[in-house]
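The next block holds one structure in the form of structure tokens; read it before the comments.
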Amino acid sequence: MTQMETQPAAIAPGRVEPHPVIEMRDITIAFGGVRALDGVGLRLFPGEVHALMGENGAGKSTLIKALTGVYSIDSGSILIDGEEHTFSTPAAAQGAGISTVYQEVNLVPNLTVAENMLLGREPRKLGRIDVRAMNRRAQETLDRLGLDISPTSVLGEHPIAVQQLVAIARAVDVEARVLILDEPTSSLDADEVEKLFEVMRSLRDHGVAIVFVSHFLDQIYEISDRMTILRNGTLVGERMVAETTQLELVKLMIGRELEVLERIDREVAATEAIKSGQPVMKALGLSRKGALQAVDLELYEGEVIGLAGLLGSGRTELARLLFGADTADAGELQVGSKTRRLRSPRHAIDRRIAFSSENRRSEGVIEDLTVADNMLLALQASRGWLRPIPRAERSRLVSKYIETLDIRPANPQALMRNLSGGNQQKVLLARWLITQPRILILDEPTRGIDIGAKAQIQQVVADLARDGMSVVFISSELEEVLRLSDRLVVMRDRRKIDERPNQDVSVSDVLEIIAGSARAEEATRA
Amino acid sequence: MTATTATPGDLSVWDRVRGYSPSSRHLPVLATLALFVGMFGAGGIRYEGFADPQVVLTLFVDNAFLIVLAVGMTFVILTGGIDLSVGSVVALSTMIAASTLEAGWPPAAAMAAVLLAGTALGTLMGLVIHYFDIQPFIATLAGMFLARGLCYLISVDSIPIRDDTFFAIAAHQFTLPGGYFITPTVLVALAAVALAAYVLHRTRFGRTVYAIGGSESSAMLMGLRVARTKVGVYAISGFCAALAGLLFSLYTLSGYSLHALGMELDAIAAVVIGGTLLTGGRGLVVGSMLGVLVLGTIQTFISFDGTLSSWWTKIVIGSLVLVFVVIQRVMTRRQP
Ligand SMILES: Nc1ncnc2c1ncn2[C@@H]1O[C@H](COP(=O)(O)OP(=O)(O)OP(=O)(O)O)[C@@H](O)[C@H]1O
Ligand SMILES: [Mg+2]
């Protein structure tokens, strides 16, 4: 093992104090014989942003949960301010000034935004909760994060990205010494990430130690000072970010050079060639009150349409209307040559439309079923429950997708709840790919997925499109949208503002389109 | 700023009245209220003397114990649990009260013993549910048999209550202007509802109850006191069941092991009709009270009619529960 590399040589002189607030030594945790962590260590100093790096399933979230008292450790020790101390519950960790945003949004959807931010530490007056003070305090924190929502609105009514921001707001509201953020940026767009970084920087300058997990290397390089790298549950080493190149880092994480990352093997299809046929799906003035203003859209065979736009621009809403997860108030939808009313997802699945939702926790993953069952769910549903999939076929399909998407552990019988976040996402994707749909709608399919697997997934989508599948692709990562799409549809303020072939379009072009339309609107109003 | 954003400074009165919950969360309760008013209107048109305010007051008088029971049940169901033991605990409470009084205990001591026993049993079930991770259904089913069994251990026969204090309370009536009256039990029930509403909405314990109903694992990761709260709601339900047992013994003036058979189901039905989600996290204690009143109104209907068999009560309650569960299902599915 490479314990050597964790020696203090990596500490930058000057800014970091010599005593770590937290030191984890030789942590080992096994789940039913399988070691999720094997002798891993982590040192955290006041006033630093510390990135925890590793592929999907490397053990990042497990290490965080070991520290904060969610899991109990099998061996090893945790030192807080140099003294050995183990937390038995998340509440105890919070009490000691460790504030954590876990990977999935872990809030309660049935309460208000303000309550979610302040539950357990509501301001009180004479023993009773002071609702007004609570809402006021929540509003202040929301303002600091630039989040324009009402503290009295119910959390579950907001999209997942907003919920993620509320979870962050909850964590930064307290006076914490240690702030842990496990993939907080996975569904945020650039603006929100920037706001979050501002808050992180100011906390760091006030001496807070921050742990940051992300699969976006650019973000890591922008915000972090130091990093600890894990691979397969073992410690690879600790490095200063400034002294490690991205290539070196990737090599440390995956243990070999990464080839596919550069560019997807895909010629952006000539739009004219595609448009020669009949559209497989055509939306005319599709709209839904409060969600989307009338949108026209044509989707051709073998084409990938990328929906670009910022948070709340209506991308997800459009996807849900196309799939029939929500019903449109007006407009019509043609699938094939006929006008269809997609009244329910069931209808859509029958017409061979598949939709992978951005909200994997509440709309996708069934935690208590196995990986195989989760994968086969949609296919089985579309065949009807009276025609079971033959056993041989089942295992062939499942192992094929476990291999293509590199799902770990590569065990079809593993329980879904025991998979890491990124691996759960891959299983969900496989669920829809298995149905071999004609139209595939992907809402944030690579959320929380590591760089290697991301490239793999993009490749799979590109291959499927080449074989004739039509794809609607949504991602808050614009680079990814541009890499994959043949045609770009740009959304803003819940309507479509632009559509163009994806030829020589850059990220800044897209941002310019969005900003430009905002300016134009200002001008007409003035 | 968008239209939905309200700065705390300019919260309208209405916002403040709504407090925690936007009106969508009050809808089920409003539906129950409408149902109750509608049933009363229909009764008033059909039967002479039905629309008399005293009929409403009598509903409270006759169902005070059920209201208290439903209050406790609301706490449990809000966390996503269930308490099947409450009917048996009511019976056990009447037995403890009757037998201790018979043995010559002072009434205050008898009441204290009842409340203590109920709370202890509730706490015990809560501990089993939380620390051994047993399904609430199973644990409280065991509690239900246990409490019923304890009744028989005390006595197989009915024990009459002859205590003067109990008699006095049972016979007491508060006269209201206009010649209407209520009993002390009604005040106890209303106090229970008010206290429960306060605890649920204005204390950390209460908000944690809702949080656990929303997502127990999230509540745990948010660092809330899940263990204490979960055990607490069963303790509260046990206490309420014991209190309901006391009210019931004032109503029947006897202790009997076959009292309150199946009453836990009435309580659950009232909570569901009152708009509380069986999966937890949504509902108001006032709704449960309205649910009890709806159940009571059905009975009043049948007694006013005179020709209908009392089995109609069960049929109507059954249908109402079904309708309400379906409505809730549809409403929650509408949510994004
Ligand atoms: N409760 C559990 N039971 C069994 N195995 C588990 C459990 N929790 C995690 N694991 C396993 O431990 C390993 C590490 O998972 P972890 O969630 O820490 O990964 P991660 O680094 O956070 O990955 P990601 O980037 O996908 O979030 C995985 O192989 C996972 O399957
Ligand atoms: Mg993780």
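Cβ atoms here come from the backbone N, Cα and C positions, even for glycine.
Model, not experiment: these values are computed from the prediction.
Features of the protein shown, as given by TrEMBL:
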type	residues	note
TRANSMEM	B:26-45	transmembrane segment
TRANSMEM	B:57-77	transmembrane segment
TRANSMEM	B:84-101	transmembrane segment
TRANSMEM	B:107-129	transmembrane segment
TRANSMEM	B:136-155	transmembrane segment
TRANSMEM	B:180-200	transmembrane segment
TRANSMEM	B:231-251	transmembrane segment
TRANSMEM	B:257-277	transmembrane segment
TRANSMEM	B:284-304	transmembrane segment
TRANSMEM	B:310-327	transmembrane segment
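Remark: the transmembrane segment (B:26-45) contacts the transmembrane segment (B:257-277), by the rule of 3 or more CB pairs under 8 A.
The highest tally of CB pairs under 8 A with the transmembrane segment (B:257-277), across B:57-77, B:107-129, B:136-155, B:180-200, B:284-304, is held by B:284-304. Below 8 angstroms of C-beta separation, residues 53-54, 57, 60-61, 63-65, 67-68, 71, 74-75, 78, 169-170, 172-174, 206-207, 209-210, 240, 243, 247, 250-251, 284-286, 289 of the same chain, each at least six residues beyond the ends of the transmembrane segment (B:180-200), sit close to that stretch. Long-range neighbours of the transmembrane segment (B:84-101) within the same chain, counting only residues 6 or more positions beyond its ends whose Cβ lies under 8 Å from a Cβ of the stretch, are 65, 69, 72-73, 107, 109-111, 113-114, 117-118, 121-122, 125, 137, 140-141, 143-148, 150-151, 154-155, 159-163, 166, 237-238, 240-242, 244-246, 248-249, 252, 254-265, 267.
In summary, the transmembrane segment (B:107-129) does not lie against the transmembrane segment (B:57-77): fewer than three C-beta pairs, each 6 or more positions apart in sequence, are under 8 Å.
Most Cβ pairs under 8 Å to the transmembrane segment (B:284-304), among the stretches B:57-77, B:136-155, B:231-251, belong to B:57-77.
For the transmembrane segment (B:57-77), the residues of the chain that approach it from at least six positions outside its boundaries are 83, 86, 90, 136, 176, 180-183, 185-186, 188-190, 192-193, 196, 200, 209, 233-234, 236-241, 243-245, 247-248, 251, 263-264, 266-268, 270-271, 274, 276-278, 280, 283, 285, 287-289, 291-293, 295-297, 300, judged by C-beta separation under 8 angstroms. Here the transmembrane segment (B:136-155) has long-range neighbours at 76, 81-85, 87-89, 91-92, 95-96, 99, 121, 124-125, 128-129, 234, 255-257, 264, meaning same-chain residues at least 6 beyond its ends whose C-beta is under 8 angstroms from one of its own.
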